[in-house]
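> I'd like to ask you about the structure that follows.
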């Protein structure tokens, strides 16, 4: 970014709708930034744009002005229904979508345009009702919008006349490109639809997407002397893993009161670092995928108001968030991707302000440094880790920010936030169920979600399961300790007890409701008894005395019937 972030070109010099000019002026926007000065002359007449500029240079306002002006001065498509959206703005992350929506409402609320914010992690039905009522502009993340378009037909994009893709390179990183292509194919063809694409880097894959789905886009690049903002003072330390927290505390104690962001690489270290800072008296907020969406929004809002001193985050907050007055950005962990380094330090020194970017290159992540320096085309100055820096200075009492005491979340500690997050995640998993459920929510047997401790659904012990019988083994029901087998005659014994290969090819005996089936052998006993089965020594089977009380008459066990049926099928073949 140049030392002069604003140009001499004013918004009033363009042929904008009068209400839009008034809204911009009331919001404090009068002169254009370089990317706005390049974009608006192409986008306002209806041309497609593929724009590249650093974060914090005003890309959001550039496309919002183009979108709103088109909707105000041009009629809608002829086949549009009142509830169909006319414009779609896609962002890769929830935080960026929320930021865009906030900026849009800031100066577009009085223009008569209806905005809808659509993203995951919040009330599904509430967003669906808002879309069904009809909106002019949808600001969304791809995942939730795909669900409304594809699954439930809540919204139709056939009358969407302008589409914006913000942070297109990040769309690729997060795997959203298939979703983007799906949505673009549901809109009018590119000759009718205007498309604006913005990215911090116009890589080959981003340009491929642009030329595939855009109508002869004009490539606009804001030239800079360096990849990183010129007003960011960068420096790097080489601490050991054990020194990182102590060094962070020492540096923070030397910048009391400055709004600070600390970036780490993993969600686990977000909690660990935030807990350490909180124990030393800092008011800390956290942004990571483990924190529920509503809590993330609340913490971000408190940080923007100055009620929180430090925000510890993963790369979920590295792009698109515009937070005024961030003076220090700490890379507690060097990022794996060099582009992420640029986006992280881009949270400070926005729109001509100054800021400091301080990085720690420990033995775990120091291998990323050469790629980062090659990407930004400069060497990052190295500072020594001294004993003085490892000694935190005494903290001065912090003044209470207006409205802080009445904030509902002001008493939330880092431990409370993550404990509630874990409880919420466990409740969500329980609600989804470990296995499938039958009618009424009862668990089905055999679905894979049952208990593994031998207890039934009512908590009582189950009887042991029988081992499946292998072909050729004796039926357990015919063991000597069971009810004896009654043999009709000695001459018939071999036919009844012979091995499977020696049986006569006849229909097996079966019972239906306790009555013999036609063709079955007569039963000597007056009461129904289990059908005879082949013992281990067929030629020596004789009736044996009863050693235990006879079981009540009834059908053979399920396993016995299955085994006999299988043997009959084998012998019949």
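A Cβ is built for glycine as well, from the same backbone N, Cα and C atoms used for every other residue.
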> State the residue range annotated as motif 'Q motif' by Swiss-Prot; the candidates are 9-37, 38-66.
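Based on what Swiss-Prot states, motif 'Q motif' spans 9-37.
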> Can you identify, from 158-161, 162-165, 166-169, the stretch that Swiss-Prot calls motif 'DEAD box'?
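Here Swiss-Prot associates motif 'DEAD box' with the stretch 166-169.
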> Can you work out the mean pLDDT of the predicted model over the motif 'Q motif' (9-37)?
91
> Using DSSP, what is the helix/strand/coil residue split across the motif 'Q motif' (9-37)?
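Going by DSSP assignments, the motif 'Q motif' (9-37) contains 16 helix, 2 strand, 11 coil.
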> Run through the Cβ atoms and count how many others sit within 10 Å of the one on residue 57 (ATP binding site).
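Here the count is 25.
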